[in-house]
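S.K.: Here's a structure for you.
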Amino acid sequence: MGLHRVEVTLLCCVLVVLGVLPFSSDAQLDPSFYNATCPSVHSIVREVVRNVSKSDPRMLASLIRLHFHDCFVQGCDASILLNNTATILSEQEALPNNNSIRGLDVVNQIKTAVENACPGVVSCADILTLAAEISSVLAHGPDWKVPLGRRDSLTANRTLANQNLPAPFFNLTLLKAAFAAQGLNTTDLVALSGAHTFGRAHCSAFVDRLYNFSNTGNPDPTLNTTYLQTLRAICPNGGPGTNLTNFDPTTPDTFDKNYYSNLQVHNGLLQSDQELFSTTGADTIDIVNRFSNNQTLFFENFKAAMIKMGNIGVLTGSQGEIRKQCNFVNGNSAGLATMPTKESSEDGLVSSI
């Protein structure tokens, strides 16, 4: 999941939102939700994603990341897709997303195809969720039956986007806090981090580890020295920070357990990756070891965590709406928003996942 820039901020701001977001553990989502109203939705989404990924294999990781960035901000409600309007401050311009998220155009392609088949039926939030699962499968990762029936938000929240998304320079304590704020536990954290088994990151997301870790003037001591030299060749000190490198140097476009094997030899790309294995005495070390030894175990936990994440704060029933276009609310419905939209503080974090 490509990342853009890291801006040094108060790391504690993620803790502000503990307990703020509603969890929808009782949401009535069902994999068969569209069986009668849009039975071809899964195959439509798959065809678009498959075609795009032929020329841009990185897009599969980007679509999973887009779903993650949606769900961590007022729930899985497609709020990340909303553009700026007179009444909406887009989450797309939050620091974790600006010049970083990818796949908005692909989601619009999917929406157009779905609307042609089943007009006014399928939400953009469900499209995001389906695209994430299909991306996993197309990269040879796990498949699962996606619970469906989400509806789309009438609002976005740039402030929460800046606060809630974990940064690539987070330590394990801050990572756990960011996930706990969404009702996700330590196993979910380690499993979902495994999505970094494919995709790319910009140098700006980890360059401090190479030259000036924690303002020491030295590289991160948990970084494999051979890997350090490889990364320094890609990311020169003082460079623009826009060069891309693979999250997984072994199988960069395949969804597998190699992410965890990389951590064991200190080849985690982001600080937030390596923290899972290199934090002294951490309970995450055993989970990394078990996932590295057993890809089936990793896949089962990833599937469970993705379903759990996909259930965060969902709108169902008569809540929200089914957007006609994913980037805009329907008509004048922005004035009927049920959740307050805060003004952006422009303080924020660049996501680690």
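Each Cβ is built from the backbone N, Cα and C atoms, and glycine gets one as well.
Owing to the predicted nature of the structure, the values given are computational and were not obtained by experimental measurement.
Reproduced below are the annotations present in TrEMBL:
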- 1-27: signal peptide (SIGNAL)
- 28-330: domain 'Plant heme peroxidase family profile' (DOMAIN)
- CYS38-CYS118: disulfide bond (DISULFID)
- ARG65: site 'Transition state stabilizer' (SITE)
- HIS69: active site, proton acceptor (ACT_SITE)
- ASP70, VAL73, GLY75, ASP77, SER79, GLU91: Ca(2+) 1 binding site (BINDING)
- CYS71-CYS76: disulfide bond (DISULFID)
- CYS124-CYS326: disulfide bond (DISULFID)
- PRO166: substrate binding site (BINDING)
- HIS196: heme b binding site (BINDING)
- THR197, ASP248, THR251, ASP256: Ca(2+) 2 binding site (BINDING)
- CYS203-CYS235: disulfide bond (DISULFID)
S.K.: Give me the Cα-Cα distance between the residue listed as 'heme b binding site' and SER79 (Ca(2+) 1 binding site), rounded to a whole Å.
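M.R.: Spelling it out, the Cα of the residue listed as 'heme b binding site' and the Cα of SER79 (Ca(2+) 1 binding site) are 23 Å apart.
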S.K.: How many whole Å apart are the CA atoms of VAL73 (Ca(2+) 1 binding site) and THR251 (Ca(2+) 2 binding site)?
M.R.: 31
S.K.: Can you list the residues of the same chain, besides ASP70, VAL73, GLY75, ASP77, SER79, GLU91, whose Cβ falls within 8 Å of the Ca(2+) 1 site's Cβ centroid?
M.R.: HIS69, CYS71, PHE72, GLN74, CYS76, ALA78, ILE80, SER153, ALA156, ASN157, LEU160, ALA161, GLY313
S.K.: In sequence order, which same-chain residues at least six apart have a C-beta under 8 angstroms from CYS124 (disulfide bond)?
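M.R.: Set apart from CYS124 (disulfide bond) by at least 6 residues yet with Cβ under 8 Å, we have ALA78, LEU81, VAL107, LYS111, ASP152, ARG323, CYS326.
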S.K.: Taking only C-alpha atoms and a 10 A limit, tell me which of CYS76, THR197, ASP248, THR251, ASP256 are near ASP70 (Ca(2+) 1 binding site). These are the recorded positions.
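M.R.: Those near ASP70 (Ca(2+) 1 binding site) - Cα within 10 Å - are CYS76, in sequence order.
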S.K.: For the binding-site residues SER79, THR197, THR251, which one has its C-beta crowded by the most other C-beta atoms within 10 angstroms?
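M.R.: Most Cβ neighbours within 10 Å: SER79.
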S.K.: What is the one among the disulfide-bonded residues CYS38, CYS71, CYS203 whose Cβ has the most other Cβ atoms less than or equal to 10 Å away?
M.R.: CYS71
S.K.: If I take the Cα of THR251 (Ca(2+) 2 binding site) as reference, which of the recorded positions CYS38, CYS76, GLU91 has the closest Cα?
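M.R.: Closest recorded candidate to THR251 (Ca(2+) 2 binding site) by Cα: CYS76.
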S.K.: Out of SER79, PRO166, ASP248, point to the one nearest CYS71 (disulfide bond) in space (Cα versus Cα); all of them are binding-site residues in the record.
M.R.: SER79
S.K.: Would you count the other CB atoms within 10 A of the CB of VAL73 (Ca(2+) 1 binding site), including those on all shown protein chains?
M.R.: 31
S.K.: Sort out for me which one of CYS76, CYS118, CYS235 has the most neighbouring CB atoms within 10 A, since those are the disulfide-bonded residues we care about.
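M.R.: It comes out as CYS76.
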S.K.: Using C-alpha atoms, which one of the recorded positions ARG65, ASP77, ASP256 comes nearest to PRO166 (substrate binding site)?
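M.R.: Going through ARG65, ASP77, ASP256 one by one, the closest to PRO166 (substrate binding site) is ARG65.
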S.K.: By a simple count of other Cβ atoms within 10 Å, which of ASP70, ASP248, the binding-site residues in the record, is least packed?
M.R.: ASP248
